[in-house]
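Engineer: Below: one structure in structure tokens.
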């Protein structure tokens, strides 16, 4: 078996034979930042990636800054933009229904496919680049759709119809890609970092997520329409698009070149299929496949890319006869058979995101209609509509407070972790959010609402870090059990992409629930105040679930 240190590897004698010597030998591995891929053909063990510098981890996390910056722009302006182009009120939550349905269906397929990707650029980065381009395209249509249709079409009714179609298509494309990209980003981090660096990396992700959201909401809170830049570019939305596209392009590029990613190697010495597990075991995270003869010695899972994402050396054979095409049916079957602790984590993640999205997606509209008592359907030159726009701008300041508190709370989490653990932090985030949103719904005034916006950041930081820290802990525990020779199905190898995709699927499902039910709920109640109260209720239910089942 081969063990690696940060400087150079050392070789042990094979299992079952007396330990004769332990000597260092040179390996031509390239720069220190690159991976060391060293293995013996008979027995394989998990390889710890080298320690990553703080600068590399921050570069890796910058994509979260850019993503959350664009997300903040979408969250602040999507409802006002859709209502201003004439989308009927009963349909304004439909836009949140289309994208997550597609994502929920395709997310596990893409997540598992990225575990098997043999691109020379690595397994995750090709997917991240494609989704990043889709995000930019969606943002372009979302913020410029109304201006483009107004410039091309003259008939008012035709222009209104096409403006709604173009803006909705842009929102769906952006939302689909922005939600989708989180899974490959987290899997990329897990692949290239040691367990300790994963924790550091997730901390920087949470910090930069908060800072990116704060900057995005700050841009949205400013009045660009009467500025020199607004006059030059045409409107407030074009100024916001300029800053958003520039920020996203720069930080996506930094992320893609942050840490070298080792591609799956081709090994022609073995005749087997691309498997995540023993070919005769169809457990969680596996793909149904034809059984192949096992070698005389049972091979342990190995991957130089991740201590958690195990792939046998035979998995690197691309033209195996036993390999089967991945299908949605096989992947859904694998997800259904996941261990109970993963299933509970997915359910709690679903409850948390449902509550969070209920509040965040409609918060600026809540500020404009309930707190400021404006009317988004009034004429654009009326006092009522101007009041509504003022409420939206103040709502952006509230979401900016949320983003700053998210960044600060990421440090508080590190201080609280030794005392209350991951489960305690998980419970605390849900409880504070449920209590804060409940008070906002009961007392909708400006001061109380802006003050309590800080609890949104607690929930945001919790959702972006704690579940993925738990996955890392689960994989670490399973790896320890595999080292001890456990043959239980619960500790069989799985792809990290599958686990991250399962969590991201819960975000998609939460959007389906919000998109399908919230519009009808608002129509039934006759007021958007029900949105905030629903968020509080679901979050407190999540508290109970974490306390009882996690």
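Here the Cβ of each residue, glycine as well, is placed from N, Cα and C on the backbone.
Unlike curated records, TrEMBL annotations are generated automatically.
Note that the coordinates shown come from a computational prediction; the quantities given were computed from them, not determined experimentally.
Quick paste of what TrEMBL says about this protein:
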- 69-87: transmembrane segment (TRANSMEM)
- 93-114: transmembrane segment (TRANSMEM)
- 126-143: transmembrane segment (TRANSMEM)
- 163-181: transmembrane segment (TRANSMEM)
- 202-219: transmembrane segment (TRANSMEM)
- 239-259: transmembrane segment (TRANSMEM)
- 350-372: transmembrane segment (TRANSMEM)
- 392-412: transmembrane segment (TRANSMEM)
- 424-443: transmembrane segment (TRANSMEM)
- 449-471: transmembrane segment (TRANSMEM)
- 500-522: transmembrane segment (TRANSMEM)
- 528-549: transmembrane segment (TRANSMEM)
Engineer: Do any residues of this chain, six or more beyond the ends of the transmembrane segment (126-143), have a C-beta under 8 angstroms from a C-beta of it, and if so which?
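Structural biologist: Hits for the transmembrane segment (126-143): 63, 67, 70, 73-74, 77-78, 81, 110, 114, 117, 119, 166-167, 169-178, 180-181, 184-185, 188, 237-238, 240-241, 244-245, 248-249, 252, 255-256.
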Engineer: Six or more residues beyond either end and a Cβ under 8 Å away: which residues meet both conditions relative to the transmembrane segment (69-87)?
Structural biologist: 95, 135, 139, 142-143, 145-146, 160, 163-164, 167-168, 171, 174-175, 178, 212-217, 219-220, 237, 240, 244, 247-248, 360-365, 368, 376-377, 380, 388-389, 392, 395-396, 399, 403
Engineer: Please figure out which one of 202-219, 350-372, 424-443, 500-522, 528-549 racks up the most CB pairs under 8 Å against the transmembrane segment (449-471).
Structural biologist: 424-443
Engineer: Six or more residues beyond either end and a Cβ under 8 Å away: which residues meet both conditions relative to the transmembrane segment (528-549)?
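Structural biologist: 344, 347-348, 351-352, 354-356, 358-359, 362, 365-366, 369-370, 423, 426-427, 430-431, 433-438, 440-441, 444, 459, 518, 521-522.
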Engineer: Does the transmembrane segment (500-522) come close to the transmembrane segment (424-443), meaning at least 3 CB pairs under 8 Å for residues 6 or more apart?
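Structural biologist: Stretch pair does not touch.
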